[in-house]
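K.L.:
Below is one structure. I have some questions about it.
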Amino acid sequence: MQHETHTHGINMSALGRDKQSLNLERETVAIEVPGLSLFYGEKQALYDVSMNIPKQRVTAFIGPSGCGKSTLLRTFNRMNDLVDGCRVEGAINLYGNNIYRKGEDVAELRRRVGMVFQKPNPFPKTIYENVVYGLRIQGINKKRILDEAVEWALKGAALWDEVKDRLHDSALGLSGGQQQRLVIARTIAVEPEVLLLDEPCSALDPISTLKVEELIYELKSKFTIVIVTHNMQQAARVSDYTAFMYMGKLVEFGDTDTLFTNPAKKQTEDYITGRYG
């Protein structure tokens, strides 16, 4: 399909990202998916999905409810292992190593591939203890190291200036948007390589959403980010690459501007112009 697509009012203005030189073929690959299928019991949820997630870019997964985008996201740190009857066929390579190989240290994998969920889930602890939680699990207890990690992670999550004078107050006293940025700080404190964001703004107001979107843009200089979103405006704003999924299959994957303005598949065009989904 060669003609330009009407984008149904989608604002394509990115958050200041440099879009000139995006080329999926030239990117360094962080996560390689060479043909992945997933089953819940007898029900197949993913069908032979193949894609390469580029390093230190933001990749968005879009598609209607139930299309498999969150299921695919959760395969990247094996969260689906926690679902009874879940079975994966194929491989996922994180920097060349199959994370589904026998003997894989799943706890270490989840440190390397951190995840933030839809609803902010701070622990009922102080702001400080939320941030250092993962470090303490690793046996790190030196105050100087923890203090430095708290400041680094909270600055990285654009929250330091708002909470630096109340680090020992309960995290539950923060606003929803602050709680979500705290959860991001807690996730990056253990210095993962990949950040998975499963609709991180769906429970937030517009101002908090904008702060998280700006944060995502800042974080990609250090982390590979994959975000699932129902909000196509958000995908257009924050991502470098977008994957459109439908009924468990990957329909189209490419740079975000091209996918939204000149999609290769009619199914993609129908979705982004609001004909279904």
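Cβ coordinates come from backbone N, Cα and C, glycine included.
Okay, so Swiss-Prot annotates it like this:
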type	residues	note
DOMAIN	31-272	domain 'ABC transporter'
BINDING	G63, P64, S65, G66, C67, G68, K69, S70	ATP binding site
K.L.:
Output the one of G63, P64, G66, G68 that, of all these binding-site residues, has the highest number of other Cβ atoms within 10 Å of its Cβ.
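P.N.:
That would be G63, with the highest Cβ count within 10 Å.
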K.L.:
Here the binding-site residues are K69, S70; which one has the lowest number of other Cβ atoms no more than 10 Å from its Cβ?
P.N.:
S70
K.L.:
Using an 8 Å cut-off from the Cβ centroid of G63, P64, S65, G66, C67, G68, K69, S70, can you name the remaining same-chain residues around the ATP site, in sequence order?
P.N.:
T71, M245, Y246
K.L.:
Find the average pLDDT over the domain 'ABC transporter' (31-272) in the predicted model and report it.
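P.N.:
Overall, the domain 'ABC transporter' (31-272) comes to a mean pLDDT of 95.
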K.L.:
Of all the binding-site residues given, S65, C67, which has the fewest Cβ neighbours within 10 Å once its own Cβ is left out?
P.N.:
S65
